[in-house]
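**Q** OK, TrEMBL features for this one:
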type	residues	note
BINDING	C129, C132, C147, C150	Zn(2+) binding site
DOMAIN	551-655	domain 'TRNA-binding'
MOTIF	14-24	motif ''HIGH' region'
MOTIF	298-302	motif ''KMSKS' region'
Amino acid sequence: MSERNTFYITTPIYYVNDVPHIGHAYTTIAADVLARHHRMLGHRTFFLTGTDEHGQKIQQAASAKGLTAQQLADQTVENFRRLWKVLNITNDDFIRTTEERHERVVQHIFSKLLEKGDIYLGSYEGWYCVPCETYVPEAQMGEGNTCPDCGRPLQKMTEESYFFRMSKYEKPLLEYYESHPEAILPKSRYNEIVSFIKGGLKDQSISRTTLTWGVPVPGDPKHVVYVWFDALINYLSALGYPDENGLWKTFWPACHHLVGKDIIRFHSVVWPALLMALELEPPRMVFAHGWWTVDGDKMSKSKGNVVDPFEMADVYGVDPFRYFLLREVPFGLDGDFSERAMVQRINSDLANDLGNLLNRTLQMMKKYRDGLVPSAVSPTGLELSVRRMGEEVTVQVDDLLERFAFDEALKAIWSFIGRANKYIDETMPWKLGSEGKGEELDRVLRTLFEALKLASQLVYPFMPECASRIWSQLGLPGSVSDCRRPWSFDEMEPVKVEKGDVLFPRIDLAKWDETRGRLLAERVAAAQGGQGSEGDDMDYSDHEEEITIDLFKKVELRVAQVLAVEPVPKADKLYKLELDLGYEKRTIVSGIREFYQPDELVGKRIIVICNLKPSVIRGVKSNGMLLAAESPSTKNFTLGLLTVDRDVPLGSRIH
Ligand code: MSP
């Protein structure tokens, strides 16, 4: 089979230390759209996702939960598998780095490169970021020896280590990228990577003696393979490398990696160098997508704004969520996720444009032809122009998806849907019906039927459920997922349409503001008031990295007494509390209203962080934060306030 007819698409393999969030869903949905699209093009397609289960980060998260790393991985992997089912992801395989089939390949590659001299034993001293699992060059360290990526403190480490001879591949990589400018997209990332390589490549430390949770280095088991070296190899191990009969023989050169912008260097510097060492071709394309913020803010648990993809699918449906993520923002750029903006798109693009086109067509088909689709009637110039546009848009979509321009592809599809709606207004079929112009009416209804059939085929990769519903309401045989290019506009047996439920019910925005919008605002306010999230059923790991006593001492905790409590207007979860610290009085806002009556609080001695930067919550200035313990699961959520067990003076410091 020629290379052009194979398509291998991958997502990053996700760490199992946390629950899946919008970033994971984003890449995986994008990969799914491409896989479905390429299957329709008739290409032999392989779509891989999976989980990255080794390394310090996983080991630490596990011990914080009292689990072994393997137990944590076994639990968390199920969240990912479940999410991909919910989001209709059609991955052909799911690889876990703790599987034997993967570990075997990691060891094989390690031994092979050791033998070849591309891996050697040396020693390493450097500044290490535990959460990012990476050494940071001194020149890149942030203020106070912090990680330039996550801002957390770095640790100085010295260890005996195996190194990958990356310096050897500096020139070959530059040559490769010079002759393959499409191998990294978007262009800005290509430029960034090329100039990074030009800055010089150092050999990479690829083993650790400081932990045990990893693939043992063959012949030297006090070392485990560094988690990134281990992880990148998943793209080959899942394809059965180095087996002579493995799938890699078919798919390897057709490899497309989708990754977030933060992990592009691993994929377009380390990984292709490793492949060159193995005498394999580098990936055909690495595409780095942007990051989502949420309502203009960085996503974080402490801000209460983490977008849970399960919840999105539950509240809005899977297809609207898939559609919104890919329509709202060009794939290579950062974007802002806002549920309100998603509601607006559901109403305008999905309910109005697409939903109405189907609804109006089926209603007229029922009314005038008892649901029977008229057979093809010779088209006039108007019909031909609609048809031509359909064909042009199909070509455009292919071209745009070749460059992963999902938003542009959707815009092109919607321009066709818009054209079909306009065609109804131009031809006024209800008038043709009442005037008894049967042949003209047949022509219009038939054309609309064909347009909707094409719309179903075009939206299928993005919104598979919606496409299938259109397909079956049109009375078409088989399944839209079985359609293969080129598809014909009008050759088919007579069918009868069957009107079903509305595709996308409109959402009343004013009601949404009152209910869902309010809930979201309160979640954020409650988190800012320091009392965690409410309402969702996510169980986040709350484990933080180690801190020094000096850092802890900076938190000024004191005993305060509650003087008065009143509800904050228009916020069901919030109280305004007046506190006495002995040496001064203060006001704080706190999201504990559903757990305490005001009279339970008045007179209570509580613990307050006094040097927290004041913030305005629902129009009330909050000067400090109280401390409370909350149950780890937000199902059966309970909360208890911290207090002191004997009568110490107000304002006493907590140490
Ligand atoms: N395990 C590594 C990848 C190894 S691939 C051989 C890893 N895992 S991860 O779980 O931390 O993250 C995976 C992906 O999520 C990355 O591509 C990252 O860019 C993406 N995102 C994390 N937060 C994101 C947003 N807020 N927005 C969009 N994508 C984000 O890295």
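From the backbone N, Cα and C atoms, a Cβ is placed for every residue, glycine too.
From a predicted model like this one, the values you see are computed outputs, not experimental measurements.
Please go over these features one by one and say how buried each is and what sits next to it.
**A** According to DSSP, C147 (Zn(2+) binding site) is assigned to coil rather than to any helix or strand.
Through the fold, the motif ''HIGH' region' (14-24) approaches residues 49-53, 55, 57-58, 60-62, 72-73, 76-77, 79-80, 83, 260, 291-292, 294, 299, 306-309, 312, 325, 337, 538-541 of its own chain, all at least 6 residues removed from its boundaries and within a Cβ separation under 8 Å.
Confidence for the motif ''KMSKS' region' (298-302), expressed as mean pLDDT, is 85.
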**Q** Enumerate the residues of the same chain, C129, C132, C147, C150 excluded, that satisfy the criterion Cβ within 8 A of the mean position of the Cβ atoms of the recorded Zn(2+) site; list them in sequence order.
**A** V130, P131, T134, V136, T146, P148, D149, G151, R152, L154
**Q** Report the DSSP secondary-structure composition of the motif ''KMSKS' region' (298-302) as helix, strand and coil residue counts.
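**A** The breakdown for the motif ''KMSKS' region' (298-302) reads 2 helix, 0 strand, 3 coil.
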**Q** Within a 10 Å radius of its Cβ, which of these binding-site residues (C129, C132, C147) has the fewest neighbouring Cβ atoms?
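**A** Checked C129, C132, C147; of these binding-site residues, fewest Cβ neighbours within 10 Å: C132.
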**Q** Counting every protein chain present, what is the number of Cβ atoms, excluding its own, within 10 Å of the Cβ of C150 (Zn(2+) binding site)?
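**A** There are 14 such Cβ atoms around C150 (Zn(2+) binding site).
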